């Protein structure tokens, strides 16, 4: 990927120079070209390195990838570096996918979630075991070993669309499951806080492929954990990172074979929490393209990020909306960070909810809560690149699915069979609502508004059709009435002439004479053989005369005050 990106960059040299015009410093441009040439030389050198092992090559690739990201950041104008995320800030809103049936699954306490390489949802739960005040003593030793391991399958794989069970494993292996991740090969990495261990399991293996820690023995040295919370595996180097944990405040790095490499972190001081200090490092999120590891520092209510190779602190993300606790964090390639917080303490206003953040700026882009049931203690979160989000709750024993508004509207339009143009219109309305109005705290109202917009667009066509059908006969009737009114002066031409002045009479007389000569029905039929006018002679015209007498005054006034009439329109 690095080579292809670099080749595109060098291939589009004109575009690079054009973009760099935003910084019109010739020295900066020459430095940039020299730096790119340096990277190209490294690329050529890499082809000659054939005797080094695979790990050295992958690290070299990572170094060059980081180099490219730094170059890419210099190429972009400063104001546009976060352009795509700023543009998308109001382009979507995360809401619960109410058609998701996974909320009705019978699960134990849901402690971990992950997505496998096929994007299926993997759930880690505790079956019939519960973590309560009787589970551990004051030295963090598990007190319920007599219950034995969980007899149910603790790892289940679900179809992310319909929650159909695809696979399950993990029976009779664990006591109190906690953290879960899936590596690029589909292996499951889990932690057990009762066993104080970390495990690697194949998708179809009943026994662990790798085990770290000593069973049921808490500790703080290189070989022991104390209630480890989460595990993450670097997809490039294969390095293993473990957050340890409830009674230790550290991040430990292991080699792909499980050998101890290094650790960092310390317990936060009373009332203060500096960089690298933890109060329950609870969840991990790898950012491979930036070579960083982000940690949900639970009781400090923040996210801390570190460099993968050195453990060097890089940044902190903290917002008042997080409250005192931040339980889990998940990263999506492209620069989005998802998180869930804990229940507020008595007297605090911050609500338990999910967050979407711009990783580059740390800014909160969106928040979301479920429509069905309520968050009680959301314990883990995982998101995919299409902004599909899953949240597992350890107290509610449930898994929610969330999706972006655009995606949900598109799916409903396809079901209804409506044209795609209507989807775009409804999305435009949704965008306008988000831009012109603060984000609603009641997602149910938002859904109702979207439903009304779709109803309006679907009923608009039928309303126009019915209105058109009603107007057509009215128009025809008006045309007939106008024609009859136009014909009245012809039938009663003599009376009308007597009521007009001499000049108006002469003009109308000519017009009526032409009309009588061209359209007189009696003369027309009389010209045919065998026709008698008796039928016409018997017609009564009293009603028409009365109407004429009543209207003549008004007609004559309008005609006298008006300018001379134009010639009569042609019948064609």
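Note that the numbers count up from 1, one per residue, in the order the chain is shown.
Yeah, the Cβs are placed from backbone N, Cα and C, and that goes for glycine too.
Between the listed ranges 460-484, 485-509, 510-534, TrEMBL ties the annotation transmembrane segment to 460-484. Feature region 'Disordered', per TrEMBL, maps to range 536-572 of the set 314-350, 536-572.
When other Cβ atoms within 10 Å of the Cβ of residue 178 (Zn(2+) binding site) are tallied across all protein chains shown, the result is 29. When each of the binding-site residues 282, 298 is scored by how many other Cβ atoms sit within 10 Å of its Cβ, 298 comes out lowest.
A distance of 9 Å separates the Cα atom of residue 380 (Ca(2+) binding site) from that of residue 282 (Zn(2+) binding site). Using residue 113 (Ca(2+) binding site) as the reference Cα, a 10 A cut-off selects 379 from the binding-site residues 282, 298, 379.
A Cβ within 8 Å of the Cβ centre of 113, 180, 380, the residues given for Ca(2+), is found for these other residues of the same chain: 110, 111, 112, 114, 122, 123, 124, 179, 181, 328, 379, 381, 382, 392. In space, 178 is the closest of the recorded positions 178, 180, 282, 358 to residue 126 (protein binding site), judged by Cα positions. Looking at residue 379 (Zn(2+) binding site) and residue 298 (protein binding site), their Cα atoms lie 11 Å from each other. Across the structure, residue 298 (protein binding site) and residue 180 (Ca(2+) binding site) place their CA atoms 17 angstrom apart.
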